[in-house]
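These notes concern the structure reproduced below.
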Ligand SMILES: [Mn+2]
Ligand SMILES: [Mn+2]
Ligand SMILES: [Mn+2]
Ligand SMILES: [Mn+2]
Ligand SMILES: [Mn+2]
Ligand SMILES: [Mn+2]
Ligand SMILES: [Mn+2]
Ligand SMILES: [Mn+2]
Ligand SMILES: [Mn+2]
Ligand SMILES: [Mn+2]
Ligand SMILES: [Mn+2]
Ligand SMILES: [Mn+2]
């Protein structure tokens, strides 16, 4: 007699071996400066994914027809971010060594760094699609170089110019915007994604990593995050973005910065879950 | 000396006898599979309706000029859905026997079934306008035929093809969409209501029942519901819908699936209350 | 490379086969008349059990030294309580057929009925220790015989007089108290547990089932329940009770009526988890 | 066919005429200096009273055997406390003119003033039993003489020395304690109620008004109040107090300072409701 | 060694003397009839402003380049609105006497009256830009002339016809709309701000006071307010409005009706903070 | 004209220079493994301290008669605990260099380490009074030596045997209890404080540091903490403890582990504030 465990994302019950995509959680929020709590995101997303259907009418595809394994969470050490980043990188390499794609659920945005770093070793022409309300381009934050406010700058350090595409950005230091826009180190699409088609055109032959800081969404639909920034895109915009990405050579992706306890309605978690479903269906 | 009791919807203090429209609550949520709590909706709506005005600038009409009686709630037995449905049907018949229109506040969506069933006995050419995020067209849900996931299919069983118009739908099984769209058993307008004018045109001479599952609204404005489904319509869309319905021969209506405790801000209840006010003003 | 999944109660990671005690969830709350939500208890308890240690200084015992398997949740059908009760009974029988003890996490109190019923078939001299704020002795509730307000009366129907011991009771109909106290159908210890030693003495040679309706606790320490009843026992009282039960021949047990969403502080879940830990350590 | 309205306190459905006790709400919190919201108490208490039974096992009495009418709420004008106090006094007089006893649900503590004032006109030898965490004995509060921090001093202005008995007090200005204790203007029992028997003895032949500021309770069991003051009495203490008052000539009473929205668990409202039930059963 | 105090709005740490703009809080909500709590707004805004950057990419301006002093809150007496209004007026005059501009954080909308009154004494040709969901044009509210429902009518009493421009209005009595629209006492732009350009054109040579009742925003993005009114403008609309006001001769402004405790997500406070930042950058 | 800023603890408005006791916040929670958020404690305590009086009837003393300065918060770098500990130690030394006593508001318990370390340099015979639910005696936590689970062990590394007195402890590893109790490295009073008189007797001639991890309190009165552990002491117990400490040579103290956002009622913050007030009055 078999019991029912809602302990993986809905429809992702295939084994590691038979799957093409491996979902895993990175429940770390140790450098968050304002409101912590993204550590609670992966488990909450799994449980609430059962409020979704596995079928997407938008894409007319069904998770049940996919080969996806939900591997659970990495066990992370609070108070030692270096060890955290090493462990995440090691697990991303483990996935790639088995010819599978990593799909990570954060945690804060800093967890993107080790996965992109691991993918870059395999794909030296990797490009990064970065969706966020924030620039994340600081050189340091209060003297620290590793933080969710510096993560994209850290990635630029090895990817270099012309490889990072940023969308939805509406908050940062004057210096960060200057560095990105005036000095041209990144492709910066402020506020929305009106230049996404142009970007897709440029990168359509490259391996792509997609990092979605969910605070790109307007806090009306996504209040459950550490630094809510009014003036963001709608959920329908996000569906539109994901449909535009369909067909790209996406070699890895993540969804970060859900802090579910800040949203007692549960809507932020439902939003993150539905974005994850759509993302899985275009991988 | 008279005291003040905020125990009916604002402006609905006329007696049963002198009224044309009878509001009543059906506080049942016994088949809800994800998050229960719509049982608390009717009382919360009444209390918070006092944050509204009785006057609608949209319609330039005032509840005080209408003849509406708020009858309170039906006393329902949790754990016996058959008895619940019978009791609701009996009360709906009682209202119709007095030549008045029923306006029900749910409760979960299953409570629509007995009211439509009662109206169908009187109006064999009844058509159903169904606003919802969900198809509600399952044949059964885990073996049960009576559930808020099957309610519209249950109604189709007696209304038949060509009588059900669905708007805002964005979630369901692949099979449900196939049955509705490909097999054509219902008029299915996915995501929005761009084909509402067409529908209104078709049904303008028929008796119409309007069922509004409030989860058709985007969870940004309506988080307080059992199964929040991102990507819905706005409140202004809903006002627009109601104005398009003005002039139809509406013989009954309901507003269901508010679960107020999931929204500590109270906004979901305010939204439900204002939709009810506008709905009363077009009945 | 192994990942970490917090999907069973802390320290209960042994297999079904090697274990003596089988924990399982029965996430049903379909007859709850006031505030539903105990369906969410089992998963919340598992996740939050990681705020506990496996070691109990009270008992100087450690879960890691026990053989306990957390089997997950039974998949239940909302809207059909008969099917729910059958499924639970079947799973309890499955456990007993393997010579193991069932330890159930509710759900509402009605889920106790099928487990006691299954155990009674094997242990005809079974006695019931019932900890609760409420009598749960109604003959019917609004015409329904199966409800969390009638569950102990339903059990009495087959156990009979002299087999049910009730503690902490402080709410019920006048008729229920009369039936229990004046007519003497149960051993009724109102408000507290000052006669527990006497009861333990009487039943020390019998197979015992322990059902803990957590609302026996004062709502100051356990607000997260459907019907909070002020004037209950303290958490230290509950520890004291469990120590008094140590040494009895307990053949099964349950912990019911946690409705975690009503307590945003998470304390109610922490309380339930710690009681479960202590309970496991005396099984 | 009759519907069910949970718009009066459970078991208080008799008419004004046939009743001995009249419950009414005074939903005013306009002078609250810290956290407002007691205006929402009366309605919340009524709705949640349905989680109680009408029978008290403590007193072995049942509300159904009493003659109590719940009259609803007085309609009050925010921003004009003078008008508020006048309206309350007028309604209290209306009750007394019909030879009935007033039982008021606050609102903030200032609402006690007009009711005691009305009763004093009829009972010149009235004594006041005052249960509270706070002295409420300020001469003025920021220049204002009428406030929930001055209410007992305002009553002393007409009752005078030797007529006010205070219990549970644990917060106030040094000057207030000096005035009460050293100058002896009131009978001051700090922290608890160990001198209640003595007080009951002294006043057993007098008409008594009982005012219960619910913040006398420890915030562990009663967090939902404007100024939570740790170190209070338990709920069982409160039951004990009410039993000691049984037999006194109580001519009126009130229960004030529940601010239900500050307690999302609903326990504070359950506590207030149960105290009201017990209070009704000794009137 | 210096410590860090987050006790003024981010970037507003200049002294009173060296500043051009003086921010102050008026934490009064004493006439609020539905849900109080705007008294908590100023402090919450200051603390949460540290989730913002000082730089606005929309305006390409930085608070650090401005001369703004955050003076803290006025100490107000609950229960005496006359004294409250006098104290606010006195402080506004103090600011103007030093040739600085007042920027007030409410509190409820009534606090606008004394500031406009003070400015009118200096600028007899003052015009008022009023952003709100509500007309605020009642002659009295339950007999009281001073209330947040009458504040604009009170201001009209001295400003007179043709000086008040209202935007976003979607709730009021039929009589209020008639008075404003049909009798033409104000420039009334219902629902949105499509006539703002026209208004800006008319007033571009006048001294302007801007009062923003934040409930003009849709409750999806601003639920934390006393009377949430669905159907409002978006946050991007508000950014657009502020950019249209850039260049006007704004002599004072306020932002009122945030009740932060009603929004546990903190988004409403983030919205108010960001609007304040943009407003400061156009003063 | 002076405005009112509630930005220091009530009654602690004296200058650094004239004060004997310096309060400061250390808003760090970077090693918290379960629920973070103690970073928000210092500011919340200051704001809510205005719900208290400055006078303590328990001690018959008034904060207004004391010389206490609230210095604000140390500005800490999330993601670098070494820098955090250095900065705190430096500020503690700064206070001691001016012959004043530090009174720190955490943050998590790790912040105690640098303050005790600084005091130990001046007072080599320092003893530590440790109030906590948890042993905090781990050698390492997941490989890390610096964490709130290891802090007392870290302090023992320099204080050594016989210098640490622990009270209220009810959770830890079997090994930690063995190390403390069986090996005798600390004075361990499990569950309560029945041996506090004995301890006070032993240390009455020594310089004493008092660290209060507020989770020693039962979660019924203090739910707002990272790891709530049922079975703790009451608030009255804590008052009793503080009175027993009165007269000791306390050279520094702290109050840690309030995570205010987990308790929406605000009671946990009120409790922390009142404990701080009483603690100040015995320093
Ligand atoms: Mn980011
Ligand atoms: Mn971001
Ligand atoms: Mn539906
Ligand atoms: Mn639906
Ligand atoms: Mn029970
Ligand atoms: Mn119970
Ligand atoms: Mn009082
Ligand atoms: Mn009080
Ligand atoms: Mn307004
Ligand atoms: Mn408004
Ligand atoms: Mn600790
Ligand atoms: Mn601790």
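Keep in mind that glycine also has a Cβ here, set from the backbone N, Cα and C atoms.
Unlike curated entries, TrEMBL annotations are predicted automatically.
Among the candidates E:109, E:185, the residue that TrEMBL annotates alongside E:132, E:134, E:136, E:213, E:215 as binding Mn(2+) is E:109. Within 10 Å of the C-beta atom of residue E:132 (Mn(2+) binding site) sit 26 other C-beta atoms, taking all shown protein chains into account.
Same-chain residues that are not part of E:109, E:132, E:134, E:136, E:213, E:215 yet have a Cβ within 8 Å of the Cβ center of the Mn(2+) site turn out to be E:130, E:133, E:148, E:151, E:152, E:216, E:256, E:257. Of the listed binding-site residues, namely E:109, E:134, the sparsest CB environment within 10 A is found at E:134. DSSP classifies residue E:213 (Mn(2+) binding site) as strand under the three-state reduction. Look at residue E:132 (Mn(2+) binding site): DSSP puts it in coil. Reduced to three states, the DSSP call for residue E:109 (Mn(2+) binding site) is helix. Counted within 10 Å of its Cβ, the other Cβ atoms near residue E:213 (Mn(2+) binding site) come to 28, all protein chains included. Counting every protein chain shown, the Cβ of residue E:215 (Mn(2+) binding site) has 28 other Cβ atoms within 10 Å.
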